[in-house]
Amino acid sequence: MGRTLASVSSKGSSEARTLWEVLTTVAINPSNGKCRTLPILSLNNQYSRNFHLSWLGFWVAFLSCQQIGNSNIISLCATLGVRLIVGPLVDRYGPRKVMAGLLAIGAIPSGLAGTVKSVQGLYLIRFFIGVLGGTFVPCQAWTTAFFDNNVVGTANALVGGWGNSGGGFTFIIMVALYDRLVKDGLSSHTAWRVAFAIVPVPVLLSVSVATLVFGTDRPREKLENHSKASDSITHSISHDVEDRADGERSEVKRAPRLSNDEKNNVDHLIATVPNYEVPDNTTRHLKRTGLHVLVKPSTWLPSLAYLTTFGYELAIDANLANVLFGLYQSNTFGQTKAGYIASVFGLLNLFTRPLGGYFGDLVFRKYRVVGKKYWMLACGMMQGVFSVALGVYIDQKANPSLPAVVVLFTLTAVVNGAANGANFALVPHCNPEINGFMSGLVGAMGNLGGVVFALVFRFQPRPFGKAFWLSGIIAAGVNVLLALIPVPEIAT
């Protein structure tokens, strides 16, 4: 069971804790109610429960996402639109309610998937199942809302990686169930229909209910010491803030003895303490939403980067099995074996995406937000390089070695997952006042990238390596250009 450490406000306090304390105890920043540890081995606090509910909701969404040809592109387009809509809904209603709603709504078309009798019906069902892809937005916004700057990159990457691994596990679960049903005497046609009725619907509805019952939407929702925390912060920064009784704006006075890091921390505390106004420039910043945000370069830094990395991942998940089957088809190498090998790309998210977020938090300690930016772009560029190498190798060899191909796409998967994790380590620093909107926009751009790369694979099917090296060139080129976009100077 976890225990609660004393509330903290200094940025360096977490470094003194042991790994066991970080994973089992709750240390709350009193200025914003966010957790400065990752108590994922405990379930007796709202931070741990929300952490696990966020990735679980995203994970089970994949149970209905069987991707077939054009239906995959249709589903990606649906998810793109849903993520753009869901972002503002998260800002307004909270991630818990939105996550539960998406899972419940997505369960309906999932249950109807077994009734499809035509290609048009498949496309229609896949379009509405695309609603479940929107669960990524509350997944990321949830952990961003509950975990502080020193661990938010790791938290976002963990829930994103664990949730995204559902893509790999889904293939294993559904194929195993399908094979079992066929062995029990069902026809292949009937087995798929029964599989959809047995697994996705009850699981989606169960997780939806659990999310509503056990989750919370805001850190302070169940904090009994809300007023105490605010008073504590008021006292700790009393030499910096003059609170005017007549309701006028508080005046911020910088103490010369503060280091740059401490100044950043004070800015953050002031901006998040209730009943305190902040300087005019920050007040104006907090009012920028919607179209105002879209003209900011920092909005498009993680968005375009995610287009090249998560978009690439979506296309690989949908096409890698077919490529392997086309290359090595034989009596001993069928579609099922190709699918199992290809599922490795998605399963690697279990550790590659968290790795990206963790290193994002590490570089943040010394290089602040700019360090997260270059870490993200470096991973994206390496993804491009490995993808080009994979494509060139396949095309240059008359009989490419399967082990060599597996090694190359595994290396690509590692840096791809790290890039995705690094991306959502950066997102919380870009327009943090509308985190839901940003999560939705970045997530939607990832789906747009999925459409772009899916079209590359669709219209460049032969030779098999061509789509890989074309996609690699696109990814590397875009990430190089993104280095020109500046990041926010102060981490919020």
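Heads up, the Cβ atoms here are built off N, Cα and C, so glycines get one too.
Copied over from TrEMBL, here are the features:
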COMPBIAS  237-258  compositional bias 'Basic and acidic residues'
REGION    223-258  region 'Disordered'
TRANSMEM  123-147  transmembrane segment
TRANSMEM  159-178  transmembrane segment
TRANSMEM  190-214  transmembrane segment
TRANSMEM  304-328  transmembrane segment
TRANSMEM  340-359  transmembrane segment
TRANSMEM  374-394  transmembrane segment
TRANSMEM  401-422  transmembrane segment
TRANSMEM  434-456  transmembrane segment
TRANSMEM  468-487  transmembrane segment
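Nonlocal intrachain contacts for the transmembrane segment (304-328), taken as residues 6+ away from its ends with a CB within less than 8 angstroms of a stretch CB, comprise 67, 72, 76, 164, 167, 334-335, 338-339, 341-343, 345-346, 376-377, 379-380, 383-384, 387, 394, 400, 402, 405, 409, 412-413, 416-417, 419-420, 423, 442-443, 445-454, 456-457, 464, 467, 471, 474-475, 478-479, 482. Most Cβ pairs under 8 Å with the transmembrane segment (468-487) belong to 374-394, among the candidate stretches 123-147, 374-394, 401-422, 434-456. Touching of the transmembrane segment (159-178) and the transmembrane segment (434-456) is ruled out by the presence of fewer than three CB pairs under 8 A, sequence neighbours closer than 6 excluded.
Among the listed stretches 123-147, 340-359, 401-422, the one sharing the most Cβ pairs under 8 Å with the transmembrane segment (434-456) is 123-147.
Counted over residue pairs separated by six or more positions, the transmembrane segment (340-359) shares fewer than 3 Cβ pairs under 8 angstroms with the transmembrane segment (123-147), which leaves the two as not touching. Panel annotation: around the transmembrane segment (401-422), residues 153, 156-157, 160-161, 164, 305-306, 309-310, 312-313, 316, 320, 324, 327-328, 341, 344-345, 348-349, 351-360, 372, 375-376, 379-380, 382-383, 386-387, 389-390, 393-394 of the same chain, lying at least six beyond its termini, place a Cβ under 8 Å from a Cβ of the stretch.
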